[in-house]
Amino acid sequence: MATWSNFNLQNSASPLMEQIIFFHDHTLIILIMITILVGYLMISLFFNSYINRFLLEGQMIELIWTILPTITLIFIALPSLRLLYLLDELNNPLITLKSIGHQWYWSYEYSDFQNIQFDSYMIPINEMKNNNFRLLDVDNRIILPMNNQIRILVTATDVIHSWTIPSLGVKVDANPGRLNQTNFFINRPGIFYGQCSEICGANHSFMPIVIESISIKNFINWINNYS
């Protein structure tokens, strides 16, 4: 989750989020180089006294300012396209989780198992314990096994919501009457927080999402105990 005084992205908990962070850093380096170059040129123009009153055209400079931006865009577009294809790729998921957005809570169904479904509400401030996070903790967490491919189906019953876990690099719109899907792979145990990322009404800020990542053995025990 996000921490105090942290200006970076959240620590990744999935290979997909790692790739998103790499792309962010790659793009940021290019933007910094462009900013420095443009700043240097502007300062040079302000403080030098050179002038060319007879310059009518400059084909070479026009060629340069056409080719350089094109090359820059290619360097940004190629890794971006690769990442977009990775986002849509489904690799034989072990578990399918269905997430349904409501005003203003989430409900979940484990489609591969019988009778495992529950609602997930934010814990009110007056019921919080000392180790809870304000506006982030819920009464029923999503339990998922780590090091396994997970598919999630997202929909809504009333208005548009958005199911988002930043540390996993996952953000899916929940549209009424439509199923959207994506997949993710959690590569470490832990508790990961997210929130609804689409303004959905008065209590939009009170729709947190919590995933608890555990080993496959503990996940099987949880399934057996829940059933």
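Glycine is treated like the rest: Cβ placed from N, Cα and C.
As given in Swiss-Prot:
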- HIS161, CYS196, CYS200, MET207: Cu cation A1 binding site (BINDING)
- CYS196, GLU198, CYS200, HIS204: Cu cation A2 binding site (BINDING)
- GLU198: Mg(2+) binding site (BINDING)
- 1-26: topological domain 'Mitochondrial intermembrane' (TOPO_DOM)
- 52-62: topological domain 'Mitochondrial matrix' (TOPO_DOM)
- 82-227: topological domain 'Mitochondrial intermembrane' (TOPO_DOM)
- 27-51: transmembrane segment (TRANSMEM)
- 63-81: transmembrane segment (TRANSMEM)
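The Cu cation A1 site is defined by HIS161, CYS196, CYS200, MET207, and by the 8 Å test on Cβ atoms against their centroid, the other residues of the chain that qualify are GLY101, GLN103, TRP104, TRP106, SER162, ALA174, GLN195, SER197, GLU198, GLY201, HIS204. Minimal Cβ crowding within 10 Å, among the binding-site residues CYS196, GLU198, CYS200, MET207, is found at GLU198. Sequence-distant contacts of the topological domain 'Mitochondrial matrix' (52-62), counting only residues of its own chain at least 6 positions beyond either end whose CB sits under 8 Å from a CB of the stretch, are absent.
When secondary structure is read from DSSP and collapsed to three states, HIS204 (Cu cation A2 binding site) falls in the helix class. Within the same chain, residues 76, 79-80, 83, 86-87, 133, 136, 166-170, 184-188, 190, 192-193, 213 sit at least 6 positions outside the topological domain 'Mitochondrial intermembrane' (1-26) and bring their C-beta atoms closer than 8 Å to a C-beta of that stretch. In the predicted model, the topological domain 'Mitochondrial matrix' (52-62) has a mean pLDDT of 78. The Cu cation A2 site, placed at the center of the C-beta atoms of CYS196, GLU198, CYS200, HIS204, has further neighbours from the same chain whose C-beta lies within 8 angstroms: GLY101, TRP104, VAL159, ILE160, HIS161, SER162, SER197, ILE199, GLY201, MET207.
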